[in-house]
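Step one of this worksheet: look at the structure below.
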Amino acid sequence: MASSRCPAPRGCRCLPGASLAWLGTVLLLLADWVLLRTALPRIFSLLVPTALPLLRVWAVGLSRWAVLWLGACGVLRATVGSKSENAGAQGWLAALKPLAAALGLALPGLALFRELISWGAPGSADSTRLLHWGSHPTAFVVSYAAALPAAALWHKLGSLWVPGGQGGSGNPVRRLLGCLGSETRRLSLFLVLVVLSSLGEMAIPFFTGRLTDWILQDGSADTFTRNLTLMSILTIASAVLEFVGDGIYNNTMGHVHSHLQGEVFGAVLRQETEFFQQNQTGNIMSRVTEDTSTLSDSLSENLSLFLWYLVRGLCLLGIMLWGSVSLTMVTLITLPLLFLLPKKVGKWYQLLEVQVRESLAKSSQVAIEALSAMPTVRSFANEEGEAQKFREKLQEIKTLNQKEAVAYAVNSWTTSISGMLLKVGILYIGGQLVTSGAVSSGNLVTFVLYQMQFTQAVEVLLSIYPRVQKAVGSSEKIFEYLDRTPRCPPSGLLTPLHLEGLVQFQDVSFAYPNRPDVLVLQGLTFTLRPGEVTALVGPNGSGKSTVAALLQNLYQPTGGQLLLDGKPLPQYEHRYLHRQVAAVGQEPQVFGRSLQENIAYGLTQKPTMEEITAAAVKSGAHSFISGLPQGYDTEVDEAGSQLSGGQRQAVALARALIRKPCVLILDDATSALDANSQLQVEQLLYESPERYSRSVLLITQHLSLVEQADHILFLEGGAIREGGTHQQLMEKKGCYWAMVQAPADAPE
């Protein structure tokens, strides 16, 4: 297939993908500053009347958004599909579109906000006129100051919504929200409580500012008492709302966990038989239980904190803008310095820590090597050489320790100095605003307290976000099971009132999916008739159990057809089919529940105690069950280890007989039964009046059962070598006769 890249013309040097991305972004921002800043206001000054400044700034902003969005699409299109050379650029390129939106909407949104808060105030129009005109350089810089943090937040939150990778499970957040189901209302109520609690929490800074003004103005005692009372009421209400919100959220996450775990387990149960052979039971259970529990715990703790601080930060940002746009812009501009610089220095410090540990390990290795080989060191008189080598390693550690100390000091310094510079900047600008009368001293105190809470909220969000992203990413493993399409055919619709039990294998071939080139069965053609017992015998590995598995619809033939009363087996409804076709294996599964429930396992209608007892009597299980202290109510452990092999087989046979199947499969199901129980099974197969209402496929080691069969098939190498009654096959003196003469090689 031809490459999708066109060859570059001779003499032309193509830019790497990352360089192209940087160049396109720089040109886009340069065009925004040089062209859009001056051109768009001039164009709309001709189109929009001067009397409508707010409409004009919105027209400029939306047009700017459209142009920048088209440019961002062009840059993305030029770099999409490139290989690993610009894999690193793809991360920040994804923020171009939200940056375009933020740049276009920053000034219009700010202008609208200023208009709303200054509604009806004298001189308010003049105070916002510069903001209305986007060509002013200061306003344009303000748009970038507001847009960069907004775009970063938008991009970070948007990365939680990205679809899964190849073969993934789609959008993980949408899938998790889909698991809420009826709990969506509760989550909505939780978000409302978060908003109300966050607003109530802001009462302390607000009333602290008002009390500051009261102190400076020497206000009345009633004003002080009223403000203090309101602050106390709002603070208590905020705490109560937070408590209720946490309770609702944790309860909702508990419901989501139960629902999700049930859905995953149900999806696993719908998979084909090969799925359970290719995946270990422990791995499957890890997905069903541990992965869902880990996801639920992570979402309950981390997502709750993330939502609280996200809403709190947004509320604080809105109130800060309400209080002072200029001080808020100073806060937003310094946020990258406040968090990114300490983060970079912290990485340098962590790298030095790793190097120190590695150097310590190397020095220890030198000492261990010398001490463990002292005879060799002494025989070569190299004691001083080993000591010198150890001193060199210690010198390396000393140098690294000095660098680590410097890095620690720089890390601590950058964290404290960046926070201090922000406070100094706010106090300096705020002091000028107080001096000019633009804000009161109390308002400045309130803003400083809000700014401290806002900075703390951003810091918490930056620390929690990776954990939330990891939790959302881990949900993709769970959704792999939910989205996996079973390879077995869907359940059919046939549920006839009467089924004779005529089974026809028509040229059936089969190979297991994990070894498709190895045919286990080759062109099998035979019939199981109602009222007859067909015995299937042959050496180990000849495919007898595979025939039983095909008849249970656990696998699908790779060739030929398997018919039940003339209809393909998959056309029957799943539950109906397994009521009519019952099987008992050599090592049947007994579940961790009562013996009564084990016998009635899988029945949609609960059988009576008489029916359960009758089935147990026929299988030989009643004799030992009745001797137990609690009888049929005796609880069995998870693996049924308290029962012997014969007792488990008897219980499993009763579980099959209670269904009154028209097709009964006994796959070495009597190998562990005692003599009395085997005699009961023999009478059940050949003397019971019910034998005429069912077809029986018998696979057994006991020749006494085989000899009485109506038809015997000898299977070898996946093909039927001979068939007939016991007498006919013995007269032929073929494969069956040889097997009978050699008991050690008797069939399974």
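Counting begins at 1 with the first residue displayed.
Cβ from N, Cα, C; glycine included.
Of the given residue ranges 419-439, 650-670, Swiss-Prot assigns the label transmembrane segment to 419-439. Relative to the membrane, R185 and G442 occupy opposite sides according to Swiss-Prot. Most Cβ neighbours within 10 Å, among the binding-site residues S644, Q647: Q647 holds that distinction in the structure as shown. In this structure the C-alpha atoms belonging to D32 (site 'Inter-subunit salt bridge with TAPBP') and K544 (ATP binding site) are separated by 77 Å. Within 10 Å of the C-beta of D32 (site 'Inter-subunit salt bridge with TAPBP') there are 21 other C-beta atoms, taking all protein chains into account. Neighbours of G541 (ATP binding site), defined as other CB atoms within 10 A of its CB across all chains, total 13.
Following the DSSP three-state reduction, the secondary structure of Q647 (ATP binding site) is helix. Per DSSP, the topological domain 'Lumenal' (440-443) is made up of 3 helix, 0 strand, 1 coil. When other Cβ atoms within 10 Å of the Cβ of K544 (ATP binding site) are tallied across all protein chains shown, the result is 23. Its own atom aside, the Cβ of G538 (ATP binding site) has 23 Cβ atoms within 10 angstroms in the protein chains shown.
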